[in-house]
Amino acid sequence: MARVSRSSAPRLLYALCSSASLSPSSSLIGGAFQLRHISGGNIARAKAAAEDKEPWWKESMERLRNIGISAHIDSGKTTLTERILYYTGRIHEIHEVRGRDGVGAKMDSMDLEREKGITIQSAATYCSWKDYKINIIDTPGHVDFTIEVERALRVLDGAILVLCSVGGVQSHSITVDRQMRRYEVPRLAFINKLDRMGADPWKVLNQARSKLRHHSAAIQVPIGLEDNFKGLVDLVQLKAYYFRGSSGENIVTEEVPADMETFVAEKRRELIETVSEVDDKLAEAFLGDETISAADLEEAIRRATLSQKFIPVFMGSAFKNKGVQPLLDGVISYLPCPIEVSNYALNQAKKEEKVELHGSPDGPLVALAFKLEEGRFGQLTYLRIYEGVIRKGDFIINVNTGKKIKVPRLVRMHSDEMEDIQEAHAGQIVAVFGVDCASGDTFTNGSVRYTMTSMNVPEPVMSLAVQPVSKDSGGQFSKALNRFQKEDPTFRVGLDPESGQTIISGMGELHLDIYVERIRREYKVDASVGKPRVNFRETVTQRADFDYLHKKQSGGQGQYGRVIGYIEPLPAGSPTKFEFENMLIGQAIPSNFMPAIEKGFKEAANSGALIGHPVENLRVVLTDGAAHAVDSSELAFKLASIYAFRQCYAASRPVILEPVMLVELKVPTEFQGAVAGDINKRKGVIVGNDQEGDDSVITAHVPLNNMFGYSTALRSMTQGKGEFTMEYKEHSPVSHDVQTQLINTYMGNKAAE
């Protein structure tokens with residue numbers, strides 16, 4: 001064996017290390033000797049090797065896009081997704097949403113969705129286009145399912161906002177756009193349905209600028225409209241595209257038609273002007289009258305879109321298979337990859353300090369469970385990985401509960417089908433099986449205690465009493481309710497203590513109807529539904545004192561407890577809704593009875609004396625009391641507090657609070673008077689009235705109790721042309737006559753029972 005001189009040993013070892021892809025300090029040859037020393041030249045080489053190693057994930061990250069498609073109802077969102085899947089080769093034939101062929105669109109995997117032709121859950125799908133991998137999350141368009149939209153936007157890096165070329169910017173487009181702005185999602189707009197009668201993309205573009213305050217310009221110009229819609233002219237590349245073949249899969253590129261040259265030149269100039277207003281580099285070239293190449297313009301649009309200063313507008317007709325492939329190119333050219341988006345986590349170890357996540361697979365694992373589904377094989381959890389790598393068989397820790405879990409199976413989702421994978425890195429969206437958690441939980445590998453920011457979960461505003469028709473199906477019924485509660489944080493289930501009925505609460509009539517229907521469909525349980533009821537609250541308006549002695553000493557173990565103090569309203573804007581303060585001096589009541597006293601007051605506040613609804617904004621202060629050496633017990637003090645609360649409640653001048661909704665209506669001007677009159681009749685307060693073209697936009701605060709069946713009433717008042725969105729604003733006191741009426745109804749029902 002040739003001898004190795006001492007000076008060359010390190011180099012030889014380094015060569016061995018790099019060829020065996022070991023780090024230079026790792027043990028070699030059974031640990032007989034370790035390389036501790038690298039000469040100067042080799043340090044440079046080691047650095048170069050480290051830099052060479054970096055693109056392993058950098059390139060795959062740059063070729064990844066996480067996008068959502070959100071829009072108003074019936075803008076053609078699911079149809080667009082269906083076409084994208086077809087062109088990227090994920091499905092081999094196209095089915096329509098209201099499937100006459102009985103198949104229905106791929107993304108609408110629930111029977112109910114296929115029947116009603118609406119998308120309820122966001123299904124996650126993965127596809128690839130020109131060496132890029134795209135995760136698409138299809139989001140619901142109904143306002144009742146906003147939690148789904150919010151959750152989807154939380155995990156996306158970019159989005160496509162679909163607008164209808166006839167309907168334009170509709171009420172829900174505004175809601176969705178507001179949510180995208182809240183989560184700072186860069187977006188493209190796609191004006192769909194250019195083949196329909198009355199299609200006018202330029203009107204829609206102006207509406208997006210005025211209503212959504214989009215700084216936007218068209219990237220494409222349609223060749224013909226309505227029945228004559230033939231293709232598109234790309235303003236960046238200055239090429240005309242025609243879509244041939246039975247499903248528009250063959251794109252024919254030609255020169256711009258001669259009769260459109262002046263119009264195209266004008267629109268391209270408008271595009272360059274609009275982008276140069278927000279991009280300095282392009283502005284310099286534009287002001288210097290330099291010729292702007294397609295590459296320069298594309299880079300400028302990308303920079304402006306990523307910084308959310310500009311929204312490129314694409315056009316087409318998904319149903320007629322035109323304009324979908326250029327939109328996919330736009331997703332790749334203008335929407336960010338996972339490393340170009342800054343995500344923040346909260347460090348629980350340092351009092352929720354904000355930490356920026358760099359999105360590299362080399363960091364510690366941080367993943368967010370953004371959606372749960374009860375699959376055939378147990379709970380399926382959708383994860384968005386923000387940092388690090390997750391592998392099958394790894395142990396991960398749920399930061400919210402502190403539980404350690406093994407990853408039994410890792411899959412990539414395609415609507416409701418799945419393919420197994422061994423590992424996934426930062427930026428990807430995957431699903432895991434058999435992991436018990438709630439939506440919004442964060443998983444790490446245990447080295448850090450980060451949680452992703454909590455999502456805004458709105459309070460439910462409406463309740464329904466439901467019960468299974470047959471007594472035998474109780475098990476399935478409760479199983480269904482448990483599953484829906486885990487999947488959807490805005491869906492709550494409770495028991496009415498007086499009637500013993502199950503009460504479900506949610507974000508509106510449609511939301512609850514869909515769940516009742518799903519119980520019927522998926523669990524084969526027929527449920528009878530009571531009248532919808534509004535979640536009223538009660539509160540106190542002034543201080544009231546209590547002094548109550550609970551005494552029962554008639555032989556055997558006695559009960560003795562006395563509580564003295566007062567209740568008062570909490571100051572406006574306080575974060576909690578119930579506060580208990582112990583201002584007792586000395587040992588009149590032993591401290592071990594305090595939790596029981598607090599529990600008693602909390603329990604009593606669960607149902608007020610006026611109409612039996614929970615009491616909010618309440619502060620209970622205990623100042624004195626008395627205990628008996630033998631007869632005092634936790635039960636005695638708990639009962640004393642319940643009776644004490646009831647005793648002083650009437651003296652605190654309680655009032656009933658009702659949920660008030662922020663209602664935004666859009667109606668043609670000729671119906672404005674009738675609609676405004678109807679809102680006043682419903683005890684609404686009109687706070688804003690704007691004119692938008694031929695429409696009036698009315699903003700009003702209306703009590704939810706007066707909004708039942710409003711969609712039908714609005715349609716009949718406006719010949720079906722009016723539309724409205726409604727979201728919870730606050731609970732505010734009801735007028736005196738309404739309060740009397742509510743109390744009398746409550747008393748009447750109680751007497752009847």
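Every residue number used here counts from 1 along the chain in the order it is shown.
Every residue, even glycine, has its Cβ placed from backbone N, Cα and C.
All annotation found in TrEMBL is predicted automatically rather than curated by experts.
Residues annotated as domain 'Tr-type G' in TrEMBL: 62-339.
The GTP binding site feature in TrEMBL is assigned to 71-78, 138-142, 192-195.
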What number of additional C-beta atoms lies within 10 angstroms of the C-beta atom of Lys77 (GTP binding site)?
28
Validating a neighbour-count step here. Other CB atoms within 10 A of the CB of Leu194 (GTP binding site): how many?
26
CB contacts for Ala71 (GTP binding site) [other CB atoms within 10 A, all chains]
27
